[in-house]
Amino acid sequence: MALHVVLFQPEIPANTGNIARTCAATNTALHLIRPLGFSTDDKMLRRAGLDYWEFVNIHYYDSLDHFFQQNQNGDFYYITKFGKRYYTSYDFSDPSKEIFFIFGRETTGLPKELLAENEDRCLRIPMTENVRALNLSNTAAILVYEALRQQSFHGLS
């Protein structure tokens with residue numbers, strides 16, 4: 001497993017369900033950091049993921065610290081509108097690397113101290129100034145498919 005999507009305290013079940021479907025389609029692991037803003041039995045979550053849940057490699061953590069303790073050998077990238085560099089300026093081309101794309105809450109993003117400690121790994125997707133943020137599930141798909149594009153869609157048909 002080379003690609004990972006990490007959701008820090010996601011709040012909207014449909015976003016997480018859509019991301020789970022993208023993860024199933026791309027053999028990308030999904031990591032959820034509690035607390036979640038919904039039950040994993042939520043109808044909207046299940047509906048968005050359709051019948052692909054059995055194909056999702058999903059992991060749960062009680063905190064960011066717990067997540068980092070369990071995943072020490074990865075390349076971590078923090079997705080934020082405050083990143084100084086575009087996502088396209090990073091090299092994700094090595095399919096043997098464990099690449100983690102870390103996303104924050106839909107309403108508040110990632111903790112500011114985490115971003116400050118990892119400024120060189122904060123990346124963003126360009127957009128006009130009149131839009132506050134892209135949808136979380138769309139953003140995750142953009143990052144996953146950019147990494148896969150750089151890897152010549154390794155393992156996909």
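Backbone N, Cα and C define each Cβ position, glycine as well.
Noted in Swiss-Prot for the protein shown:
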BINDING   I79, G104, I125  S-adenosyl-L-methionine binding site
Fill in the blank from the handout: Widest Cα pair spacing in Å over the listed S-adenosyl-L-methionine contacts I79, G104, I125 is 14
Fill in the blank from the handout: For the binding-site residues I79, I125, the largest set of other C-beta atoms within 10 Å encircles the C-beta of I79
Practice task
Other than I79, G104, I125, which residues of the same chain sit close to S-adenosyl-L-methionine? List them in sequence order, counting a residue when its Cβ is within 8 Å of the Cβ centroid of the site.
Solution key: Y78, T80, K81, G83, F101, F103, G109, L110, L123, R124, L136, T139, L143
Exercise for the section: Going by DSSP, give the three-state secondary structure for I79 (S-adenosyl-L-methionine binding site). Expected result: strand
Fill in the blank from the handout: For G104 (S-adenosyl-L-methionine binding site), the nonlocal same-chain Cβ neighbours (under 8 Å, six or more residues apart) come out as F8, Q9, I79, T80, L110, P111
